[in-house]
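**Student:** One structure, pasted below without further comment.
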Amino acid sequence: MFRTMMKSKIHRATVTEANLKYVGSITIDEELLEVADILPNEKVQVVNNNNGARLETYVIPGKRGERTVCLNGAAARLVQVGDEVIIIAYGIFTDEAARTYEPKVIFVDEGNNPVKIAHEEIHGQQS
């Protein structure tokens, strides 16, 4: 049996751009991708905390250090600059691996700077 599990996420990132004219995807600062162990072209789910929208897309790396989080193409219709989003990457694990895998949860500040890395989520935890 295989299980689809949260592999990593960037928690409460701030949308810095929304580019309707781009062909698609989400652009994320290359450094944030490395910290979260998310690869270019990897499928992610984006959850908008401001309006509840959920979407799936793929990642393209943004310029290192600029802290860009930009929704491109049709996804740009689902966000506003300044919205708070959660970016989640999933992995497919064997049953055995799923029981021992520790995901990466990257907490960022309002400027999309990583401030904390956790390997679990606790109910009621705010950040």
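Count begins at 1; order follows the chain as displayed.
Any Cβ shown, glycine's included, is placed from N, Cα and C.
As annotated by Swiss-Prot, active site, schiff-base intermediate with substrate applies to Ser25, with the evidence given as sequence analysis. Sequence annotations record features per position, and here Swiss-Prot assigns pyruvic acid (Ser) to Ser25. According to Swiss-Prot, the substrate binding site annotation covers Thr57, Gly73, Ala74, Ala75, on the basis of sequence analysis. Residues or ranges marked as active site, proton donor in Swiss-Prot: Tyr58.
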**Student:** Helix, strand or coil by DSSP: which one applies to Ala75 (substrate binding site)?
**Tutor:** helix
**Student:** Within 10 angstroms of the C-beta of the residue listed as 'active site, proton donor', what count of other C-beta atoms is obtained when all protein chains are considered?
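**Tutor:** Here the count is 13.
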**Student:** Are there any residues at least 6 positions away along the chain from Ser25 (active site, schiff-base intermediate with substrate) with a Cβ closer than 8 Å to its Cβ? List them or say none.
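**Tutor:** Sequence-distant Cβ neighbours: Thr57, Tyr58, Val59, Ile60, Asn72, Gly73, Ala75.
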**Student:** Given the recorded substrate site (Thr57, Gly73, Ala74, Ala75), which additional residues of the same chain have their Cβ within 8 Å of the Cβ centre, ordered by sequence?
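**Tutor:** Counting only non-site residues, the set is Gly24, Ser25, Ile26, Leu55, Leu71, Asn72, Ala76, Arg77, Leu78.
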**Student:** In three-state terms from DSSP, label Thr57 (substrate binding site) for me.
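**Tutor:** Thr57 (substrate binding site) sits in a strand per DSSP.
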**Student:** Looking only at Thr57, Gly73, Ala74, Ala75, the residues listed as binding substrate, what is the longest Cα to Cα distance in Å?
**Tutor:** 10
**Student:** Any idea what DSSP makes of the residue listed as 'active site, schiff-base intermediate with substrate', helix, strand or coil?
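**Tutor:** Coil, per DSSP.
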